[in-house]
Amino acid sequence: MFRRSLSHLDKLPKTKVAEWLAGIDTIICRTDGVLWQENTPIEGSVEVINAINSKGKRCLIATNECCLTNKDLFQKAKCLGFNVKQQDILSSSGAISSYLRDRKFKKKVLVLGGDGIRKDLKEAGFCSVVNDLQPNDQKKIDFVRTLTLDPDVGAVLVARDDNMIANELLVACNYLQNPKVLFLTTCMDGFQPFGKKRIPDAGSLANAIEIIVQRKPTVLGKPNPRILGKLMKSGEIKPEKTLVIGNSLKTDILFASICGFQSLLVGCESGAFEEAEKIKKDGNEKKMKLVPDAFLSSLPPFLEYLSTSVK
């Protein structure tokens, strides 16, 4: 109904929006910045997600977060009040594991990111233990001179890393001088909005490495459809009846466009709305996949649309 129109839902008749939502069976939500901020639910998010489920629709949570394991993400969602099932949590670690399995990958993975993704990879049967990453008293030039690369490392995975040390970046870049070592990342988001402030995300680190090694990473979290697992192929979700709710054009909205889903951009803090407006105004066809179908400045009004009766 609103294909790539950036329609302001709060400026439309409630019944029109309610009719649109009535045709949606599955809603895929981003976590950070949409459902919660660190350990605090965003206003209205718990009520909206639980209302979606109570209406008989399926709500999936799809995230590129890497600090928590898939199981821990489920527990976090439950503790914050979201009525979800563990199988409805879709994470980038699952997409990465399936990618490595498909390639019959047997080597080690150097992970620049949170402990959660390391633990998920270990549970999936992949080793992510690499030595010589901890800081020491050596000067950088001396560290490089004495650096010994593990020949069994076959991939470098870049994820959000809130505690990254310079040595990790240095070591990763040197492994990636070898073209046979896979260059992987969870996403290309440069930052996560935190109120009016910003937290560097995986994309900022991946971009820095890309400049140094002159190689582009393979993105395995959103917008890559691989994060869905077999949900599309099995017919469990139908593209025309699926809505993605997110706050990032390059991750959430592009993911929706690639999969043929509908999309809703939520929030004003990241600058995504202004960017989408500019793309739409310029009419740049190459970038139109980044323009969402609809927009809401915040999630609470969504609850009212779900409750509005339709004929």
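In case you wondered, yes, glycine gets a Cβ from its N, Cα and C as well.
According to TrEMBL, the features are:
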- ASP32: Mg(2+) binding site (BINDING)
- ASP32: active site, proton donor (ACT_SITE)
- LYS222: substrate binding site (BINDING)
Query raised in the report: What is the one among the binding-site residues ASP32, LYS222 whose Cβ has the most other Cβ atoms less than or equal to 10 Å away?
Result: LYS222
Report task. Round to the nearest Å and give the CA-to-CA distance linking the residue listed as 'substrate binding site' with the residue listed as 'Mg(2+) binding site'. Result -> 13
Requested in this report: Look up ASP32 (Mg(2+) binding site) in the DSSP assignment and reduce it to helix, strand or coil.
Outcome: strand
